[in-house]
Amino acid sequence: MKIGIIGAMEEEVTLLRDKIDNRQTITLGGCEIYTGQLNGTEVALLKSGIGKVAAALGATLLLEHCKPDVIINTGSAGGLASTLKVGDIVVSDEARYHDADVTAFGYEYGQLPGCPAGFKADDKLIAAAESCIRELNLNAVRGLIVSGDAFINGSVGLAKIRHNFPDAVAVEMEATAIAHVCYNFSVPFVVVRAISDVADQQSHLSFDEFLAVAAKQSTLMVETLVQKLAHG
């Protein structure tokens, strides 16, 4: 099995990258892909860049060039569920765009023409992630993750997301674009991210302060998940 892992920022991939043995770097389309073995398992780790276009471009290049069997999207996210704290884990059961609106033509808010309203994560990957969470004794929430090209840092943007997606547990900027590409390629995916901030008016300050905490927690989760997927 070859496992594809995608993070947007240097801070989100550096700990995983340092753990890859026999590492080689591939530069394509402004993205960097690091291939090798993570604890004996073949992996391809993509640093995509921030935002939906960068994530979709990178995911496409990763799938075409490295042919992974599954995709794990890792990194940080803003917490929407009331129980979430910095360092807690969110696991997707679905991903949706929070900034797409073609409702004038009868589509659901967040749905693009020709696409489902949401992109479902793979049940087996979800189950494996939840098993890792139990083993590591981490606090986690599973649910809807929403994505858009905005850092949510204020009451207006937050209120709009809560209105349109009352069940969303986290918000970030890449996951749904990655899920969209995986849907088109029929490749199973799951989003496993750690909370770096709670989406509110102080979220930019929390993000800067706690990104390293989120990166450490998400790296721990991904490393454990890769082991479980490879060896059961």
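Glycine residues also receive a Cβ, built from the backbone N, Cα and C atoms like all the rest.
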Among Gly78, Gly79, Gly87, Gly232, which residue shares the substrate site with Ile152, Met173, Glu174 according to Swiss-Prot? Gly78
Asp197 (active site, proton donor): tally of other CB atoms within 10 A of its CB: 25
Using Asp197 (active site, proton donor) as the reference point, find which of the recorded positions Glu12, Ile152, Met173, Glu174 has the shortest Cα-to-Cα distance to it. Ile152
Extra residues within 8 Å (Cβ to Cβ centroid of Gly78, Ile152, Met173, Glu174), substrate: Ala77, Ser147, Gly148, Ala150, Phe151, Val171, Glu172
At the level of the C-alpha atoms, what whole-angstrom distance separates Glu12 (active site, proton acceptor) and Glu174 (substrate binding site)? 13
Around the Cβ of Gly78 (substrate binding site), how many other Cβ atoms lie within 10 Å? Please give the count over every shown protein chain. 26
